[in-house]
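Colleague: Structure provided below as structure tokens; questions to follow.
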Amino acid sequence: MASSMNIESGLEEGTTHDKASKSQETNKKPINWPLLFLNAVFMAIGVIGGPLLSRLYYLHGGSRKWVNTFTQSAGFPILFGPLFFLYLRHRANPQSPHFFMETKLFVASAIVGVFIGLDNFLYTLGLSYLPVSTSSILYATQLAFIAVFARIIVRQKFTPFTINSVVLMTLGSVLLGLRSGGDRPAGVTGKGYLFGFFLTLGSAGLIGFVWPCVELCYAKATRVMNFTVVLQFQHNVAVFATLVSFIAMIANKDLQAMQRESKEYGLGQTMYVVVLVAAAVVWQFSFLGGLGVIFCIGSLFNGILSAVLLPMTEVAAVFAYHEKFTGEKGMALALCLWGFTSYFFGEYQNNKKAKATTKEQDEQYKE
């Protein structure tokens with residue numbers, strides 16, 4: 001019951017910073033832990049399940065890249081229920097703040113949605129050439145890009161531990177690229193594998209740019225930011241990302257091809273629909289959780305959490321699709337985990353110093 005009350009409190013009263021220059025101090029505001037945990041669970045569902053379902057589409061005869069891209073954002077109707085419930089609660093409480101997001105936040109969500117749509121296509125196209133495990137390791141390098149762009153966009157503070165984490169993760173992705181022949185999917189050439197490698201890396205770079213921009217949008221909001229607004233923001237992002245892929249599907253004549261593809265799908269016509277619908281729902285959890293984590297703490301922690309989920313995706317891909325877990329993958333994974341450990345140790349040291357400084361200031365004030 002206490003956790004439920006805390007989550008509801010986060011839905012109604014959670015706030016972000018008023019100025020972008022203070023966005024790096026996100027960890028100093030009270031953290032709604034139940035709300036953060038809920039969003040972390042959403043992220044786990046999407047980060048682990050999304051790539052597996054997208055790869056399942058390809059493995060059994062699916063070949064339409066924009067169709068698979070479409071599923072990564074088309075699950076936004078699942079947000080209608082929570083938004084309608086929150087709207088009814090707002091109507092029942094006349095003293096509650098504005099329900100709908102402000103205009104500039106709406107425009108920002110539309111722009112972010114277009115970028116997300118393009119990023120989804122890069123990721124989906126890259127996944128068609130790569131095993132899930134390799135794609136997941138490469139996509140985890142978004143942490144490095146988030147660190148750089150967060151420093152530029154929201155003035156995220158760098159520490160030696162953060163830099164060490166970025167370097168280690170970059171080395172991990174380079175290691176995968178140097179020894180790329182051992183885990184190529186059937187029918188994929190060496191050039192195709194490298195093409196998928198750089199597409200996925202480009203996707204990680206683009207999303208690494210987008211997440212700090214989202215944090216900046218939250219910080220620049222004039223009205224009070226709460227999780228209801230975050231849900232609206234996610235809804236708009238998904239709508240515009242879906243429009244990008246839907247327009248591309250029409251131009252590429254994918255709508256006509258889907259009927260033929262569904263009949264020839266290896267798991268059957270019904271499972272073709274099930275796979276696409278399930279992928280849409282699962283991917284929506286991923287992006288909703290990501291935006292929620294940014295709201296609770298910040299964009300850099302969102303990247304950290306995505307990377308922490310990497311080993312689970314690795315294990316799931318090995319068991320689900322019997323992918324090879326090569327020595328190079330093991331080394332790359334070890335470097336990534338080393339980088340995560342470095343980051344968390346640095347955060348622990350910083351928090352320890354901050355508490356000591358606060359305690360010293362309190363003692364001086366008492367004197």
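Cβ atoms are placed via backbone N, Cα and C, with glycine included.
Below, the features straight out of TrEMBL:
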COMPBIAS  14-25  compositional bias 'Basic and acidic residues'
REGION    1-25  region 'Disordered'
TRANSMEM  35-58  transmembrane segment
TRANSMEM  70-88  transmembrane segment
TRANSMEM  108-130  transmembrane segment
TRANSMEM  136-154  transmembrane segment
TRANSMEM  161-181  transmembrane segment
TRANSMEM  193-214  transmembrane segment
TRANSMEM  226-251  transmembrane segment
TRANSMEM  271-297  transmembrane segment
TRANSMEM  304-322  transmembrane segment
TRANSMEM  328-346  transmembrane segment
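Situate these features within the shown structure.
Modeller: Using a Cβ-Cβ cut-off under 8 Å and counting only residues 6 or more beyond its ends in the same chain, the transmembrane segment (108-130) has close neighbours at 51, 54-55, 58, 63, 65-66, 68-69, 72-73, 101, 138-139, 185, 188, 192-193, 195-200, 202-203, 206-207, 209-210, 213-214, 217, 232-233, 236-245, 248, 287.
Using a Cβ-Cβ cut-off under 8 Å and counting only residues 6 or more beyond its ends in the same chain, the transmembrane segment (193-214) has close neighbours at 112, 115-116, 118-119, 122-123, 125-130, 134-135, 138-146, 148-150, 152-154, 156, 173, 176-177, 180-181, 184, 233, 290-291, 294, 299, 302-303.
Away from its own ends, the transmembrane segment (226-251) comes close to residues 10-15, 35, 64, 66-67, 69-70, 72-76, 79, 82-83, 86, 90, 97, 99-101, 105-106, 109-110, 112-114, 116-118, 120-121, 214, 217, 284, 287-288, 291-292, 295 of its chain (Cβ-Cβ under 8 Å, at least six residues beyond either end).
Same-chain neighbours of the transmembrane segment (271-297): 10, 14, 16, 26-27, 31-32, 35-36, 38-47, 49-50, 53-54, 56-57, 62, 67-68, 70-76, 78-79, 116, 211, 214-215, 218, 225, 227, 230-231, 233-234, 237-238, 261-262, 265, 305-306, counting only residues six or more beyond its ends whose CB sits under 8 Å from a CB of the stretch.
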Colleague: Which residues of the chain, 6 or more past the ends of the transmembrane segment (136-154), have a CB below 8 A from one of its CBs?
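Modeller: Beyond its ends, the transmembrane segment (136-154) has Cβ neighbours at 20, 23-24, 51, 123, 126, 130, 162, 165-166, 169-170, 172-173, 176, 197, 200-201, 203-205, 207-209, 211-213, 215-216, 219, 298-300, 302-304, 306-307, 310, 313-314, 317, 329, 332-333, 336, 339.
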